[in-house]
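Q: The annotation domain 'Adenosine deaminase' is assigned in TrEMBL to 11-329. Here TrEMBL flags His16, His18, His196, Asp277 as Zn(2+) binding site. Per TrEMBL, active site, proton donor is recorded for Glu199. Annotated site 'Important for catalytic activity' per TrEMBL: His220, in sequence order. The annotation substrate binding site is assigned in TrEMBL to Asp278.
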Amino acid sequence: MNQLELIRALPKAELHVHIEGTFEPELMFAIAQRNHIDIPYKSVEEVKQAYNFHNLQSFLDIYYAGANVLVYEQDFYDLAWAYFEKCAEDHVVHTEMFFDPQTHTDRGVAFKTVIDGLQRACDDAKSKLGISSHLIMCFLRHLSEEAAFETLAQALPYKEQIIGVGLDSSEVGHPPSKFERVFAKAREAGFLIVAHAGEEGPPEYVWEALDLLKVNRIDHGVRSEEDEALMQRLIAEKMPLTVCPLSNLKLCVVEDMADHNIRRLLQQGVHVTVNSDDPSYFGGYMNDNFIAISEALDLTADELKQLAINSFEASFIDDTQKNHWKNQILALA
Ligand code: HPA
Ligand code: ZN
């Protein structure tokens, strides 16, 4: 089996994907039309031309604008279902997807509408495609602590459907410490905890995510490499980093894929995983990310397998399921 065949054959778990970031222009047009909502583009080509981001904020502005056309339960279902079909193509057998409730509730869409649509897609993915999933809701860090507390309260009736709470949106200037109290409350309520840190923000934000939010995983975290003591902490604690190579390239976190540090992190013993982040915006889904790093960094078959094993070990599934997928990976030639 060559690297490409191996990437396709590996069962994989995706742990860092924003469902709003899987919104393909074709579906965006279809939903905008049926909901009679204007979008500032005339064609799919025009949408794609607008995707020339150079940093996180320039991406987020377009990402939030696109999400505006999502209004009804069926819209959220269609969005998630389209993503699950991509998972099936890429042999992603388990996914833990982020959603941003505030992006929708701030426009008057009910929390229930969002969660019902996503949950129905998750149920269908299990029964029709054999793909398991969990939902993680993220607080938008550019909004206030108070708004995050309100969102947490809205989520409590759906506690059984939401495995964890995360933190996303504009990182610099909005450190994890801003949300220390609301994450403490989320932990008390029994949610698992993740947070974006060390994407554009400094290693100090990763320290805060560990020490103040008490995260189970760090999302991105690639800037941890700048701080040797932090690296030792991540290695010692086997703290997963959900790395998103094509995202890092598109948002200029790295200049060239050949400069990406995922292989160095892996070789040093950091528990890195591969993920797509916002695949519709960043040029590819799970396998595209694997292929991009495999080619640019000349990854070995053992390294590709280790990345796939890491994805299950870092996931929130039980040990029986983890061992099942790990054995399948080890059995590949
Ligand atoms: N970083 C921060 N916020 C986000 C991202 C990201 O990569 N994608 C969607 N919201
Ligand atoms: Zn992200």
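Yeah, the Cβs are placed from backbone N, Cα and C, and that goes for glycine too.
Unlike curated entries, TrEMBL annotations are predicted automatically.
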Q: Need this for a regression test: recorded positions His18, His196, Glu199, Asp277, filtered to those with Cα within 10 Å of His220 (site 'Important for catalytic activity'). What's left?
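A: Qualifying among His18, His196, Glu199, Asp277: His196, Glu199, Asp277.
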Q: With the Cβ under 6 Å from ligand 2 as the test, give me the qualifying entries from the recorded positions Glu199, His220, Asp278.
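A: The recorded positions passing the 6 Å Cβ test: none.
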Q: Can you check what DSSP calls His16 (Zn(2+) binding site), collapsed to helix, strand or coil?
A: strand
Q: Taking just the CA atoms, what is the gap between Asp277 (Zn(2+) binding site) and Glu199 (active site, proton donor) in Å?
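A: Approximately 12 Å lies between the Cα of Asp277 (Zn(2+) binding site) and that of Glu199 (active site, proton donor).
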Q: Hey, what's the Cβ neighbour count for the residue listed as 'substrate binding site' at 10 Å?
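A: Its Cβ shell of radius 10 Å holds 24 other Cβ atoms.
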Q: Centre the Cβ atoms of His16, His18, His196, Asp277, go out 8 Å, and tell me which other residues of that chain have a Cβ in range of the Zn(2+) site.
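A: Those within range, site residues removed, are Val17, Gly21, Phe98, Asp168, Asp219, His220, Thr242, Cys244, Ser247, Asn275, Asp278.
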Q: I need the CA-to-CA distance for His16 (Zn(2+) binding site) versus Asp278 (substrate binding site), whole Å please.
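A: Just about 9 Å between their Cα atoms.
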Q: Say you check the Cα of Asp278 (substrate binding site) against those of the recorded positions His18, His196, Glu199; which is nearest?
A: His18
Q: Write down the Cα-Cα distance for His18 (Zn(2+) binding site) and Glu199 (active site, proton donor), rounded and given in Å.
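A: Checking the Cα atoms of Glu199 (active site, proton donor) and His18 (Zn(2+) binding site) gives a distance of 15 Å.
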Q: On a simple 10 Å Cβ count over all chains shown, which one of the recorded positions His16, His18, His196, His220 is most densely packed?
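A: Per the Cβ count within 10 Å, the most buried is His16.
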Q: Express the predicted model's confidence over the domain 'Adenosine deaminase' (11-329) as a mean pLDDT, rounded to an integer.
A: 97
